Amino acid sequence: MVSSGMYKMDNGKPCLNNCFPAKSLLRLPEEGRGHWIVVRKGSMKKGAAKASTEGQESQKKVSFDTGLKKISRRDSQADVLGHILDRSFLLKHHSARKPSDLCTINVSGMKFSKAKEKDFKHFTSVIYINASENLLPLDVFHTFPVLKELELAFNGIKMVYVKYGDFKTLEFLDLSFNSLTEEAICDLGILPHLRVLLLTGNGLTSLPPNMAVKEQEASMTSLTSKKYILRFPALETLMLDDNKLSNPSCFASLAGLRRLKKLSLDQNKIVRIPYLQQIQLRDGSGDWVTEGPNPQKELQPQMWIFETPDEQPNYTVLPMKKDVDRTEVVFSSYPGFSTSETAKVCSLPPMFEILPVKSLKARNQTLAPPFPELRYLSLAYNKIAKEDAVLPAALFPSLCELVFHNNPLVAHTRGIPPLLKSFLQDRLGIRLVRKKLVKPKHHMLMPRKESRKVKTYIPKVPKHSLVPHHLNMITDSPPSSLMPEPEHSTEDTSHEALFANEGPEGPSLTHRAFVPMPPICSDSTVHSEAVSHQSHTAGLVSSEHPSDDDAKSTESIFLTQVNELPSSTAHRENLEAVNDQRRPSTAPRETKRTRRKQTATSLHNKYDGYEELLTVKPDPAFLEPKGIQKNAQALHRMLKQPLICRSSKPRLDTFQKPYVPKEKRAGRIPILPPRKTRAQLLDDILIRMRDPRNVTEAPLGTVLQRRAQQRLVNQKQYREAKRLLKEFRARYRQLVRSSLRTVFAASPPPRPPTRRALSAGQPKLGRFLEFMDEFCQEPTASDSKE
């Protein structure tokens, strides 16, 4: 064996390999000594031919000038060399050290046109590749050992070169928005584990008829026997939306896919679903029956023969008598149909070559339904306009959901069509979708940060007392039971001192506070106050922090409950009498005076403004309502309907608006003039025709204030305005003079003596006449010329 050594190639780069490979011990004798040289030269010639063709194409596209051909060729070569997908680029682009560390590859939009296939063998962990928006073919990626998902959208792929053994683990293939042909789709059928195939937007007008089955080539030993191989053995999802499929034969091409579960044919030109029925031929060769070798007869609709197997289906597809292009389903109960006959012959058009017998021979079956495992079929955005065009979907045994929204069938109607609802939905349980499903929006979940959580504890705000601070300072004094009553003079002096400290305007701003009026206390509060005066306890509760008992004791009363008030006052007087008996009888007169003052002040402070309620007598005709609800209702009724007697005296302190009665003005209906007859209308027209004068109306001020350039344009109009103004001045002067003469009763003497006499005798009238003469001056010569 020859050991490996260093050698240099034509480009000068060293390479660790054998310059002359070792001879194989199992080499065939037909090969000569220089066989490897011939193979090497042939590969070099093929590479040069490809490079020349690519250079010519790029040269034609870039420029048509002969002088720029060399520049364009250099640019194309540099561009190709710079956009080659290889091992070094993948490691650098994904920041990986070893090829085995890389699991996914994303090179979308990199404008790659070539790739080194040998470098991809080292990427033993790559299972997903996204190479969209490039110019790479499919066969470039066959050297990835464990590749499962491949996306090659927008790559301009037309043909596919795949061999047996390539893409052994590929399960997902996206070839959307390319330019695939029917042959390329057939070549994809040899992928053994392909489950999802996306062929969106490839401009397909039809599908290959042998898409599900491939006929194997006959060997040299057995020329008579034929074998068939299934294509797409593991395909479950097929997306053919956004194409140009219109022929119903596409269903016949796809019906042989035995494991297909989801089929999407959205945004095509499909008009109907054809009836699909398995057909078996008379002879066992697998070929269609023909009457002769004449090629013209092969183009005509062929005669298909139904053989009756052991298990006869309950329906049969027959051509319609009126329209040969359409078919109809005939069930076994149809009159004239007998299952005892050995064979049925019918002529169907070639486009309904439905489920050919080749697929049955591959699985050794005699009869198979169309789409045996299809569960989801989408026909949205097509041209289906009739209900019977969708009914053949009932022959698909595993169909669970049928989508047909945005079709003419449901564009102008509401609800599911009745025939489809009763036959497909109610009987077969197929879910029919006639409206586009709106996907719900994802719920936005805001992450909760523990740092933003409020953990501080805010203490409760204590309740403040209703009595202000300066009143607490005054009332903080020992109870009257512990110290003797002060004299009247001392009380006056204390009040005067307090008034002097606070000033005539009341307490200072720092001690002022909003003090609500205290409510009228009930007899319970009076009793509690009397008991508090009797208590000899030394501990007193401050006014700033009142106890709960004090807060509960301050309850309001209803003003209508006046029956208990006299008893409460009597009870209060009794308590005060008991307190007076306990006091020492040193000054009986002073105690009597203070007692009277206390009763007067207590009544005056508590019931200020409500003294009449203490002495009022109840109305004998008034029925006292029982219960708090009746009292509340009576009070609400009195407040809603108050009996107020307003005084007749006018209030002079307020501004009063005089009463002005409004007059109702009814609009007068205008009286239409009498309708003129046709003779009167003709007379008016003739009168207008006889009078050729054209009257032009224009404001006098605007005509006189125009500029010199505009005056030249309308010179006639300007002269007419000057003449009218001169005439107006003359008439106005004459009118003023005649009116003055009648007022002063003066004889009309000549003009100069009159002016002197008036100016001498009556100075005011003379000045007025001079003013009028100056105002009404005659136009000058320049104005008259103009």
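In case you wondered, yes, glycine gets a Cβ from its N, Cα and C as well.
Given the structure is predicted, the values throughout are model-derived calculations rather than measurements.
Within the listed segments 214-238, 264-288, 714-738, Swiss-Prot records coiled coil for the stretch 714-738. In the predicted model, the repeat 'LRR 1' (146-158) shows an average pLDDT of 94.
Within the repeat 'LRR 4' (234-255), the DSSP-based counts of helix, strand and coil residues read 6 helix, 3 strand, 13 coil.
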